[in-house]
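Copied over from Swiss-Prot:
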type: TOPO_DOM; residues: 1-17; note: topological domain 'Cytoplasmic'
type: TOPO_DOM; residues: 39-66; note: topological domain 'Extracellular'
type: TOPO_DOM; residues: 88-115; note: topological domain 'Cytoplasmic'
type: TOPO_DOM; residues: 137-145; note: topological domain 'Extracellular'
type: TOPO_DOM; residues: 167-177; note: topological domain 'Cytoplasmic'
type: TOPO_DOM; residues: 199-213; note: topological domain 'Extracellular'
type: TOPO_DOM; residues: 235-261; note: topological domain 'Cytoplasmic'
type: TOPO_DOM; residues: 283-308; note: topological domain 'Extracellular'
type: TOPO_DOM; residues: 330-368; note: topological domain 'Cytoplasmic'
type: TOPO_DOM; residues: 411-431; note: topological domain 'Cytoplasmic'
type: TRANSMEM; residues: 18-38; note: transmembrane segment
type: TRANSMEM; residues: 67-87; note: transmembrane segment
type: TRANSMEM; residues: 116-136; note: transmembrane segment
type: TRANSMEM; residues: 146-166; note: transmembrane segment
type: TRANSMEM; residues: 178-198; note: transmembrane segment
type: TRANSMEM; residues: 214-234; note: transmembrane segment
type: TRANSMEM; residues: 262-282; note: transmembrane segment
type: TRANSMEM; residues: 309-329; note: transmembrane segment
type: TRANSMEM; residues: 369-389; note: transmembrane segment
type: TRANSMEM; residues: 390-410; note: transmembrane segment
């Protein structure tokens, strides 16, 4: 691993991308401690025992706990992305048309997603400031009034817009997917606090049951290792489809056709489905927390909690649904079949064109079924282990966070390796 990192740092353009990404993350961490005006964050910190608060705070790298300018994190952007991508499925004809226009269409959709993020962010900021103020018995907002709420909402929306821009800069000039890297950084920054909470609850003042607590922590370590191995396995697994190129094409050797393969990942969506599933579960619980405690809000808090049987079932269903959805966003069977036909390639025994598209679609459906089930299992595995061991809520959140951290780290390393291989290939061709 250290040798790989050393190889990355020897290449100037990759080194510059890594340094740029780290600088952007430093800016993100600084912003997490810049307070919003007219807010008494200590009043909100008193409510930190709420599970949804801990989850939001973890994904924001502690920004919500400080009620900083980045308190909303990147959640509005994730929500906007989900909605816009769902609307592309023949719901809004214009979006469907743009989705088929290649790079030009993607730019239009990305721009519309930005605008929608600002609108959602402003609405969420108003609701969050008003709701959390009620939750803190009116102690959160100083000099509460319409103008105060508007100023706070504008500052929070500006913070989310800046994070969105920061993520795009990392994607364009740094390494990895910018939004995922920001979520990754937020989670990693909360790990020391989570470890401290586990140590405090399991080992401080528990000398008479020390062995039992050691066993509990050992179970947690086993769950962590299982998640790491599981994520690596599911991210690396591919199905190779045999491809034959006809004689006389640019890919065929002088003596005739060439055989190769088309690799399809078992889980082409990565950990994006988990991020989206968590964001989907957070939203109703966050809204419910604004309205105090009653039968309805209790029902929402319980049934949208992924440690509750109903919430866990919803969580698993969302992961499977988003895995299928994103598999076909990342892999377009129609475009693949068309490209193969243009290049003179075909799957042995399958006619080029529509039949090839149907074969790729069929294989992708089967692969995604396996990938989605496996992803769902390794997502809930830490929850079972942690509940069985009786560890604190922060550890349960840490299980989901770990899945995202490992997945993002793996994808980023693969991207860096591909850039290194590409650069070495270019150097070889020049020589």
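Cβ coordinates are placed from backbone N, Cα and C, and glycine is handled just like the others.
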Proximity of the transmembrane segment (369-389) to the transmembrane segment (262-282), 3+ C-beta pairs under 8 angstroms: yes
Contact yes or no, the transmembrane segment (67-87) and the transmembrane segment (262-282), 3+ Cβ pairs under 8 Å, gap 6+: yes
Per-state residue totals over the topological domain 'Extracellular' (137-145) - DSSP helix, strand, coil: 0 helix, 1 strand, 8 coil
Surrounding residues of the topological domain 'Cytoplasmic' (88-115) on its own chain - C-beta under 8 Å, 6+ positions past either end: 77, 80-81, 164
